[in-house]
Amino acid sequence: MDKFRMIFQFLQSNQESFMNGICGIMALASAQMYSAFDFSCPCLPRYNLAYGLGVLLVPPLILFLLGFVMNNNVSVLAEEWTRPRGRRGKDPAVLRYMLCSMAQRALVAPAVWVSVTLLDGKCVLCAFCTALPVEALGNGSRPGLSDKEIRRMLARIPCQELYDGQELIAGEVAVRYLRCISQALGWCFVLLVTLLAFLVRSLRPCFTQAAFLKSKYWSHYGDIERRLFDETCREHARTFARVCIQQFFAGVSEELAA
């Protein structure tokens, strides 16, 4: 138990480094999850867009919420937000700083997922294969085919074993076209995220140094307060349990005497 207590105290004293490590682990886990994910496009006009965008956007939302759940400062922020206003007033700057700090850490894993997904290109290929410019890439004359039949053929492009529209547009051409667009979007997204992270890291100390010190102070205060509260609860419960046990044995002694 002493070793576990020492580890817990070390994590508490190095909470920021620990949370950064958790963010890195979640980012690696998100990339590993996508590599292990079996992407199977339905290849149907009505479901391709929903499935592709769902794989692109729903897992990042789940990872974002998990990032908040695994952050220890969520309870501190909630307690400070719901605390009645007493002699110590609430500082909105501290609350905003803590919320932004947690959101930045929680956004790491979703950003990695979106980046990997766009660079891979399968989601964009599945979602937007029915919106290909057939006139520019394939046979624009559309011989004997209605718009519904063309959409049905284009929806099968991600499933090469089911695709039967080579006379309309070559499957390899369509795949390369959409993957190039997806990879371009992926690199633009990575560049945008990198620039935003650089601006936040470089400009935040210029405006929020006092809020940073206050949030760090109240974070440590919350940890110490919870630890002291737990110790006091254990001591009070031990004293109360001792009294109850003594009363129990006193009653047993009286019964035996009777």
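Cβ atoms here come from the backbone N, Cα and C positions, even for glycine.
The transmembrane segment feature in TrEMBL is assigned to 21-37 (among others).
What TrEMBL records for 49-69 (among others) is transmembrane segment. Proximity of distant same-chain residues to the transmembrane segment (49-69), defined by a Cβ-Cβ separation under 8 Å and at least 6 residues beyond the stretch ends, is recorded for 23, 26, 30, 33-34, 37, 39, 41-42, 102-103, 105-111, 113-114, 117-118, 123-128, 130.
Tertiary proximity for the transmembrane segment (184-203) is limited to same-chain residues at least six positions away from its ends with a CB under 8 Å from its CB atoms, namely 104, 111, 114-115, 117-119, 124. Per TrEMBL, the feature transmembrane segment maps to 184-203 (among others).
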